[in-house]
Amino acid sequence: MTDHTNADTLRTPIVAVLGHVDHGKTSLLDTIRGSAVSEGEAGAITQHIGATDIPLDTISEMAGELIDPTDFDLPGLLFIDTPGHHSFSTLRARGGALADIAVLVVDVNDGFQPQTEEAIDILRRTGTPFVVAANKVDTTPGWNPQDGQPIQRSLEAQSERAESMLNENLYEIIGQLSDAGFSADLYWRVQDFQKNIGVVPLSAITGEGVPDLLTVLMGLSQRFMKEEMAIDVQGPGEGTVLEVKDERGFGATIDTVVYDGVVRNGDQIVVGGQDEPIVTEIRALLQPRPLEEIRTEKKFEKVAEVGAAAGVKIAAPDLDRAMAGAPVRVVRDRPVEEVVEEVKAELAEIEVETAENGVVVKADTLGSLEAMANALREAEVPILRAEVGDIAPRDIAVAETANQDEHKAILGFNVDLLANAETELENADVKLFTDEVIYQLIEDYETYVEEKQRAQQETVLDKVVRPSRFRILPDHTFRQNDPAVVGVEVISGTVQNNRNVGYFEGNEFERVGQLSGIQKQGDDVDEARAGERVSIAIDGPTVGRDIEEGDTLWTEIPEKHAKILEQELKEEITADEREALAAYLETKRKRDPFWGK
């Protein structure tokens, strides 16, 4: 990295646009691109692979009076086109975020949504400066559109009612930013952008407020990031893989954003791979053909070199195991081993902590894998294996080895189930969860675990002897023995058929026999609850000798069952069962304080 800050060596700041699905990220990028193309003459935009480069002259044309181009020596802005399904967290560079600055798009009517919260978390974690684009101002009831105008000029044309409704929504968003720990205000009221987040009201459809957004982005980049934009224009290129794609005639290619130095055709490069760094040689550097030539048979044209900052498609052998989000390094005049170690070191920063038992995690890129691992750690969900890529048969085989049923699960973020893994999954005892929102994915898994644990507890509850205390009613002896049949009232707990029963003599439990039948109003039943009166048949005792009318009897609880009831199922049993259990344990523990512990 050089210390130069002359215009020749200042690169274009990299801008990422992120936000909740349907809040208008794509429309905003399309509007910025479209307006830039329509301004045309002043130095039309360059469409890169995975990015759009808008030069300062074009921004100046679009922003009109808001910008004086002589105030700037940065060359323009490079907007990264992160498709809706791509998490911003994919964009890493040297341990931080690839983007120098971000635009968080929020629907002015909806405010913060799940993916907004997720984006805010990532921005906070990576320390990326950002502005908020409060989109869809044109949907405010009674709005009078002023196409392409700066927002304050547009506001002058609105009725008091429309402006007041918009302000209400804007201050709702400013409040939500405050709740997330960020001080924010409408951008023209912000005195210090290092301490406060600027909110830019705009419409991606009418273009209102878009000049303001470009002005704020240029101003922030020029003021606070100029030194970081200084690059060694001839140095070995450094970049980040956006996506790995198969292209006809080229095989596996990597869409890459170059953020430092220069990449040339024929360069030897090192790329982060799924198993180990890939050392290969560039066969072709590809850029999209200009828009007017897009209908030609060839989508791409070859270029000799690409300097930072730019998006480019790199074609080279052995790239099929390259990872989205991984580093790309040009070797040039250095030992290749040194560059391999550099890439390994960067990948090591993203190593996910795994446990001997846990779930399998798959994500589309290294950055999102890292974000998933962080979120799972916070949720205290252990990870057995974490990898980039779609879900393959071996992932299912690994998930099946988990010791606990709840860990026999795969959590996939922005990934697909490969065709050859579908049959495996159908035949395996493995649960698959996929989603495009990390927090939703984890919430679905946690709900599944809770339901599974509840079902297991219910199964245990079905097998365990339930506590009960009941009294033989006076004048309710229907048969004295073989079996004794008496009427009883259940005082607390649940009387179950086929259980041993008895009474306490001092602190000793005396078993008198086993229940062999329960009848309620003449019908056979399996159990009787607190407050019910039923007749029961007891094999073993004789009424008048072993038991008497008025006696209180208890269900005999095996010690192992008492321990499970007290330690694992206390919340699952009813209040009166807890009462019967507590009284039973209290009496048993007078003789042996450690009974059932």
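Counting begins at 1 with the first residue displayed.
A Cβ is built for glycine as well, from the same backbone N, Cα and C atoms used for every other residue.
Using a 10 Å Cβ-Cβ cutoff, G19 (GTP binding site) registers 25 neighbours. What Swiss-Prot lists as GTP binding site is 19-26, 81-85, 135-138, and the listing cites sequence analysis.
Taken from Swiss-Prot, the feature domain 'tr-type G' covers 10-226.
The region 'G1' annotation in Swiss-Prot covers 19-26 and is backed by similarity to another entry. The region 'G1' (19-26) scores a mean pLDDT of 82 in the predicted structure.
Per Swiss-Prot, the feature region 'G2' maps to 44-48; the stated evidence is similarity to another entry.
Per Swiss-Prot, the feature region 'G3' maps to 81-84; the stated evidence is similarity to another entry.
What Swiss-Prot lists as region 'G4' is 135-138. For the region 'G4' (135-138), the residues of the chain that approach it from at least six positions outside its boundaries are 23-24, 27-28, 105-109, 145, 151, 154, 166, 201-206, 208-209, judged by C-beta separation under 8 angstroms.
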**Report entry** Intrachain C-beta neighbours of D22 (GTP binding site), sequence separation six or more, cut-off 8 angstroms
**Finding:** D107
Report task. For G19 (GTP binding site), name the DSSP secondary structure in the helix/strand/coil scheme. Result -> strand
Report summary line: K25 (GTP binding site) falls, by three-state DSSP, under helix
Query raised in the report: Looking only at Cβ atoms, how many others are within 10 Å of the one on K25 (GTP binding site)?
Result: 25
Report summary line: the region 'G4' (135-138) resolves under DSSP into 2 helix, 1 strand, 1 coil
